[in-house]
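Student: Below is the structure I would like to discuss, written out as structure tokens.
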């Protein structure tokens, strides 16, 4: 193998001499992407499957327990939060019911179920899923570690634009401003923080409202006992989270289905028994009459009506568990009509007994079914809380993958379902805050005010992100985008103006919680970005490394050194710092970059990308491990074993390509022949770059379509496998001598000339977060006896 080999990721890294790429680079690029039109169809693997009617019914039924628990338990507390001071005019009940009906129609049904749910990222929902979609279609990520080889993943899908289109102009506008990228990130973080707030408020208000039913049948019980019962249920709920929902998850759908069946039946009974005239609320005229009667109370009552659509944020965040068609079917056929009947039945009861508004749900239940209904209501409240807690865990995991949250332990609780995870630290924080809110307010009205504030802000964030999705991903006409955005903002800003009146009545709680999490998440991301920029600017020249010779000017001791770095190109500063202070290194050096991509998952066979650095006798490699935001670093993944399997595959494939590189059929082997950048054609002898996509599928895609003539070249390549086999044996021997994981133990400090707020953020907040978060060695399950930390100070 003549000449020098430059380090690269997918053949794309360019250092001082990186512009010279030879014929092997061209071959690699052919191997590293779909070979033909058929292979091109593998891109964007996610396609919603066509289901039989029976399977669709089954999935729709199962989605009730995961997706709709929170939305379904809203009848427990909506009317009391709408009329906290009592009902002064019975006609107000009709106006409030009409508002509830059209709120459920416009927001959950039309906006979320039929529009927002279609904006999923390969079936994944939530604010970070929308952000990942945007990051793939425009360069809006604040950490610029993406590479074009990432786009060849089968799960990486994107669309192209006409240069003069509205989408292309919007894309350039977003990409050309750092402040716009930061604003987009902050918008996503605000939405995420509000959903975390929901993870605190949903269990509090749902369980407290369900437990409050005790006062109806046991009047001697005071509110203090109800709060104690609610706290006991909450402690039990959070304490069993580490078991996961795999064992009891099958109960969720039947519980929620029974809940919807019962509230719909009771609703129909109350309409028939008390006041069938409430059905006139389906006319929007009564909304106009409701506000025409005037008064601030009617406007602020929108904050209570807002609670009728809570749970839509969890609906979108939990979307990954089921196909969109099942979620849509369940809502339109079961959830929507049952909720309309439940609210109409309560309204009919309140028209006759307006003084029962504080416990409207339980008061409207016939006495004979009170206790069964109380048990089902409590169970449904627990299921609703569980769904929101699980959604919070998923969002934290996504934030971790995007570098927006301190490293915390993530536990996979199910062998069957990838999305079922448990985050211990977050679980106990949620429990403490949830108990504090429940015991502190002791009243569902103030918790409801807080809940409404969080939900409406999440809705506003989703609308703004959907506007960009419609432009950049769906490429909708600007008129359609404007229509959707304006209609959504008019409704949501109306609700937002109403909840602002209740900020001092409990609405401040989610704002404080969100502000605290926002500071943590943004400071962590800012510190991570500055660390990455420092590493990029201080990486070592490739010419310097190659100039040291095969021994690197050091003593090469037996063994393998895995040098962990955040850089996907170049030689990291940690390595030069290491060999400067300790003039010895291992016989084989592998630079390991663990990289998170804006995709939901990276298939295991595409996880690792292996490259060679320098000539063969340098024994230096780079391995990029790529993960999506749903992928987990599990103990049973055996990261080190898979890394070496990919390395050995690389060496064999490299040897095979060397065998066919001098043949006259080389262009066929590489699928296509392209002029190399250094002027050497496909039949040239000088090889500047070796880069392969480390999957057996890549090899098969080269070998399978070959002719008889190709077969002879393949045999020739196999006869030259001995070179690759010798190196495999050499590396195996070094592996037996010991593998050492070399990681940077960096201390990040702000420069002396930095502004005051930057010094506070870096020297105190970021430093504190790094001190309490998990070490990288724990995330990758590195044994302590094989770990070598290299201390450094980064001045950013």
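Glycine residues also receive a Cβ, built from the backbone N, Cα and C atoms like all the rest.
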Student: From the topology recorded by Swiss-Prot, do residue 95 and residue 565 fall on the same side of the membrane?
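Tutor: Result: no, residue 95 and residue 565 do not share a side in Swiss-Prot.
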Student: Given the ranges 131-151, 152-172, 278-298, 299-319, which one is assigned the annotation transmembrane segment in Swiss-Prot?
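Tutor: It is 299-319 that Swiss-Prot describes as transmembrane segment.
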Student: Under Swiss-Prot, the annotation transmembrane segment belongs to which of these stretches: 421-441, 547-567, 568-588, 589-609?
Tutor: 421-441
Student: On the 0 to 100 scale, where does the mean pLDDT of the topological domain 'Extracellular' (270-298) fall?
Tutor: 90
Student: Determine whether the transmembrane segment (454-474) and the transmembrane segment (218-238) share at least three Cβ pairs under 8 Å, counting only pairs 6 or more apart in sequence.
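Tutor: They do not touch: fewer than three Cβ pairs between the two stretches lie under 8 Å.
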Student: Considering only Cβ pairs within less than 8 angstroms, which of the stretches 421-441, 481-501, 506-526 has the most against the transmembrane segment (96-116)?
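Tutor: Stretch with the highest Cβ contact count: 481-501.
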Student: Relative to the transmembrane segment (249-269), which of 59-79, 185-205, 218-238, 421-441, 506-526 accounts for the most Cβ pairs at distances under 8 Å?
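Tutor: Result: 59-79.
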Student: Compare 59-79, 322-342, 421-441 by their Cβ pairs under 8 Å to the transmembrane segment (506-526) and return the stretch that comes out on top.
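Tutor: Per the Cβ count, the answer is 421-441.
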Student: Where, among 299-319, 322-342, 481-501, do we find the most CB pairs under 8 A to the transmembrane segment (59-79)?
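Tutor: It is 322-342 that shares the most Cβ pairs under 8 Å with the transmembrane segment (59-79).
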Student: Which stretch, 299-319, 369-389, 421-441, tops the Cβ pairs under 8 Å count with the transmembrane segment (481-501)?
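Tutor: Maximum Cβ contact count belongs to 299-319.
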